[in-house]
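Report on one structure; see the data block that follows.
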Amino acid sequence: MNRGNPQALRHPQVPLGIANIIGRSTFPSVEGYLALSLCVAFIASASVFTHFHSQPEIKRLLEEELRNNTRLTTAFGINIDTIAGSTVFQMAHYILTDTTLIWVAINSYFAILAMCTKLIIKLTFKELSRQEEVAARQAFLSYILLTIVYLSVVTGPQKGHRVMPWMIWGGVCGFLSHLQFVTCQRLKYTSPSCDRGSQRVSFISLFLFFVSIAMTFMVSRFQQHLEWQPAVLLYFDCLLAVFRSTYILFRCISSSRVFSFNPDSVRHFNYWLELATNFACELLQFLSYAQLFVFAPGLNLTSIFFLYHMKLTYNCMREQLGRHRTHKKIFEHIESAYPSVKAANSDDRCIVCWELLGTSRRLPCSHQFHDWCLMWWLAQDSSCPTCRYVIPSPQEEASRTDSGNGNTMFRFNGRTFGFFTLPSFTVEVGSSFGNIFGRAAEPTQEQLQSMLETVLEMFPQMSPETILADLRQSGSAQSTIENILEGRMGLNASLIPGVLDEDLSDDTDNELEYEEHVEVVQEPDRTRQRTWTKLSSSSGEAELSYYEIQRANMIETYRRKYLASDKAADLRAMGITE
C-alpha cells in the first residue's frame, strides 16, 4: 500500500484538490473524531454487555461456534478448547461476526491509533507549527483517499471477513506513515546544533525502526497463508516503512554531537542519504502502482488512477536525478571559483544555517558561507545571501545556453537586381514567441512548488495562497521576497520591530510596546520624512518573547555598525549617530 508521495518529505505539493478543501476546513478535526468515536464505542459496549446479561443462553451458542471454528487452529495454532469458554473471547467473536458492531470495532481501532499518534507527537515535538499541521493534515487525507482506492482493488472480489485484515494493516501503515512524515519535516527544518528534544526524537526514531522490522517479520511469518500478489504488496509496504525509518534513524545519528566536529561530512552524508532514500521509495511506489494497475479487476477508474500516479512517480524520479545533476554542477563551480578560507573569528556564523563558519567559501564580496549552504542558495538565487551581490551561477549559464540553442539563425546575403542592391542581414527566430507579445513564459507547477517552499522557509507566517498569487505574477522567488520585505504584499509591519520605517506615520499603533523615540529629517530633494523606532528599555522586556528581544538587539547592533561605516557618512553629516 502506498503512503502518498514521498517527495513530499522534501518538497510539499501545491495545495490542490479535494484533500486540500477538506484539509483547510475545521471539520473533521481529530478532537471531534475522537470524541464521537468514544461515544459510539461506549454505546456499543453497553449494548453488548446488556445483551450478554439479558440472554445467558448466547454464551452456550458462541462456545459451540468457537469450537467448530477451525480457521484459528489452522492459521494461528490456537487451542480452541481452552479459550472457547472465556467470556472475553466470546464477546470478541460476537462483535466480529456482527455486521454493525464490527465496523464500530474497526472505527475504535482507528481512533486508538489516532489518539496514540497525537499523544506521541505531543510528547516528542510539543506543538507543531502551522505549516507542519497543514502539511501533515493534507498528507493524511491524501493517504486516506489512496487507501480507499487501494482497498477497492485488493478486496474487490473477496468476502467481507477478508476486508478487515486489510483495514487493520492499513491503520498500522497510516500510523507509521504519519509519524514518519512529521519527524522528517522536523528533521529537515531543524538545525543539527539545536539538540533541544533530541533524546525524544531519537526514541521515536528507534520506535519507528523496530515497528517496521516487526511488521516485516510478521508478514514473513504469515506469508504461507497468503497468495503471492497480496504478499508482494505487503512487502512493498514493509520496505517503504523500513527505508523511511532507517533514514530517520541515520539522520538522528548524524545530527548527534558525536559527529559535530565535521559538519561538512555530515551534510555530505545527509544529502546522499536523502537522495538514495527518496529514489528507493519512489521506485518501490512505482512498482506497487504498476502491480495494482496490472492486476486490477478490469479497466476502470482505478486503473486510470494508478496509471496517473505511475506517471507522477516517474516524473518525481526524473526530477530528483535532474536536481542532483544541477547540484553537482553548482558544487563543482563553487569549488573551482571560490577559495576555501577559515573564519576570521571563531564565533562567526553562516547566515544561511546559523552554524559556526569554520572552513568556508569566500565570495567576491568577501562574505563567507558553508559549501552546502552556498550550493542550496545558488540553486534558488544567483546572488550573495547577505548583500545581494550578483554572482555567476552555472544554472543560469545553462539556461542561457539552452535558450540560445533553441533559436534559429537565418542569414540573407545581399544581391544586386539591376540598379538595386539588397542589403545583407541576419534574422534570429526563437523557439518561443512569448516574449514577442510582451509576456514571458509562465513558471511550471514544479517551479512554483520549489519557489513556494523557498519563500515559506523565510516567511512561514505568510499564507501559501498569497505567495502563490505573487509568484505567478512575478515569476521568481527573489521578486516575491522583495515584495514581502518592502511591504507590497500582506506582511504586517508589527512583525518587524526596530527597523527603518518610511511608510508608517508617527501615530501608527504598534502591536508591541515601544518607546517612540522619533527623529525627523527633512531631505533636500524630497518632501518625505524618515522615522524609526527603537526598543524601549523601560517598556518591560518581560512582556516580549526571547526571540523578539534577540531580534531587536540584533537589528540595533547592525544599525549601529552601519552608522559607523563609510557608507553612512551622509547620515553622520546630518547628525544621525545612533
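The backbone N, Cα and C atoms fix where each Cβ goes, glycine too.
What Swiss-Prot lists as transmembrane segment is 32-52, 76-96, 101-121, 134-154, 163-183, 202-222, 230-250, 286-306. What Swiss-Prot records for N68, N492 is N-linked glycosylation site. Residues or ranges marked as zinc finger by Swiss-Prot on the basis of sequence analysis: 350-388. Swiss-Prot lists 447-489 with the feature domain 'CUE', giving sequence analysis as the kind of evidence.
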Go ahead and report the DSSP secondary structure tallies for the zinc finger (350-388): helix first, then strand, then coil. 8 helix, 8 strand, 23 coil
What residues, ordered by sequence, lie under 8 A Cβ-to-Cβ from N68 (N-linked glycosylation site) and sit at least six positions away in the same chain? none
Give the residue counts of the domain 'CUE' (447-489) per reduced DSSP state, in the order helix, strand, coil. 32 helix, 0 strand, 11 coil
